[in-house]
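Before any comments, here is the structure.
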Amino acid sequence: MAVALKTSGTFCNTLQQSLHPTRDQFLYGYSHSNTKECKSKNTKRPVPLRVKATSAKAELDFSDPSWKQKFQKDWDERFNLPHINDIYDLKPRTTTFSLNKKRTPTHDESSTPMDMWNGYVNNDDRALMKVINYSSPTSAGAECIDPDCSWVEQWVHRAGPRKDIYYEPVEVKAAIVTCGGLCPGLNDVIRQVVFTLETYGVKNIVGIPFGYRGFFEKGLKEMPLSRRIVENINLAGGSFLGVSRGGAKTSEIVDSIQARRIDMLFVLGGNGTHAGANAIHDECRKRKLKVSVVAVPKTIDNDIPLMDKTFGFDTAVEEAQRAVNSAYIEARSAYHGIGLVKLMGRSSGFIAMHASLSSGQVDVCLIPEVPFTLDGEYGVLQHLEHLLKTKGFCVVCVAEAAGQELLQNSGATDASGNLILSDIGVHMQQKIKMHFKGIGVHADVKYIDPTYMVRACRANASDAILCTVLGQNAVHAAFAGFSGITSCICNNHYVYLPITEVITAPKRVNPNSRMLHRCLTSTGQPDFH
């Protein structure tokens, strides 16, 4: 398709046995039938890709009678989706995506084929971000814009296939990359992206191995993908393409995208990965490249703002509550048993809260959003004493980021720039043992840390469905010409959001939310401060 610019505008790893020799050949440079030792002496350490975005929310004067109109205008500007027509003058073509087989009416064999499929989404379709009209800022979980908690409509773009597309499928080269840590459902999304691309007619689909590292690390080759190759990858956990944290400079990644002649890049990851995807999108625009960068939100922590949930969260909660139930059995089976479970949650307590709710056996749930003390009359340890006296055992669930203010922090960061947290689980285990030993009361502490188990498993049914739709919608977004956006679910509707709006800050549990109230009702715990 001819386009016109607008004038105005050698990674080595400990290898585990695999059932897919083709995958190993591309990811590791060998197949298990011919294993060779891999050594690298002079591996360059890349400069981490770090991006910080800030919200463009307007300062509102609520005494101004027109503040709602100003808010709406600001909202519409912020949530307007970046499009390749912002830098190109392109004429769309009719989509190649249709699930309706063209046929002739049975009553008139001489008629032209019919295609009455009504499965397309209009570009003007919107979905409401919020639907609750709070009567007062004191309502449980109220998120108000003005002091009076006025109702303000907040519309976002509905996701799905459009009638018009801005790429010729036979000319498209599409790439998929999975970044950050492992997460249930990565393979499901990869699979659906490939399936949907092929439905449009794309023949050239590749996977970038080991996250952003695959764009610059020598010896890592892109992996050809097709329906035949990926059709069964959803039956296993992990990432078919491999993952890694950090990455090269944005300019180096875009250099690689240009050299590979990639037209569509699908990025699967969490907060940091989304920030990286947005930086890649910005650099592509700066260079006036016709490249659509579309993200799919992945994190078991469920800490990306504005969306109902991210894929992998439901599965992680299901696996986490198994650990909680094991702690319950251990605690109840021991004399003065205390089951202690530490669950993931770098900046939020969603996994700990939901796992505690789903198990129904947790007596104390500790999350980073709600401060607590261990010692003293109103501390956690005093409550554990009470539980042992009244019921004989107890179960404690703690998120990894909880209670960090009680611990020494090294200030070290990982390859993605995330702060490395001190181990609250081990700290609590030691404090509990010391406390009960100090007061001469027997306590049998059973500590369980299922950290990596909750993210390495296969997606459950709920996540598999979410991954399927998010992956399909990501491809629809790219063909519709959008870039710098993420495919997600808001208010039970599948929508597109600009990446800039979801990387401003991590989503956290609202201490006044109804869900946390439900959790505290279930545990029966008091305030620990």
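Quick reminder: no glycine exception, Cβ is built from N, Cα and C everywhere.
When other Cβ atoms within 10 Å of the Cβ of ASP301 (active site, proton acceptor) are tallied across all protein chains shown, the result is 29. Residues annotated as active site, proton acceptor in TrEMBL: ASP301.
If you look up TrEMBL, you'll see GLY181, ARG245, GLY246, GLY270, ASN271, GLY272, THR273 marked as ATP binding site.
The Cβ of ASN271 (ATP binding site) lies under 8 Å from the Cβ of THR299, ASP303, ILE304, ILE503, PRO506, each of these being in the same chain and 6 or more residues away along the sequence. Look at TrEMBL and you will find ASN271 tagged as Mg(2+) binding site.
Here TrEMBL flags THR299, ILE300, ASP301, MET344, GLY345, ARG346, GLU400, TYR452, MET453, VAL454, ARG455 as substrate binding site.
The domain 'Phosphofructokinase' feature in TrEMBL is assigned to 174-477.
Taken from TrEMBL, the feature site 'Important for substrate specificity' applies to GLY272.
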In the structure shown, which of the binding-site residues GLY181, GLY270, GLY345 has the fewest other Cβ atoms within 10 Å? GLY181
Expressed to the nearest Å, what is the distance separating GLY181 (ATP binding site) and MET453 (substrate binding site) at their Cα atoms? 12
Can you tell me how many other Cβ atoms are located within 10 Å of the Cβ belonging to MET453 (substrate binding site)? 14
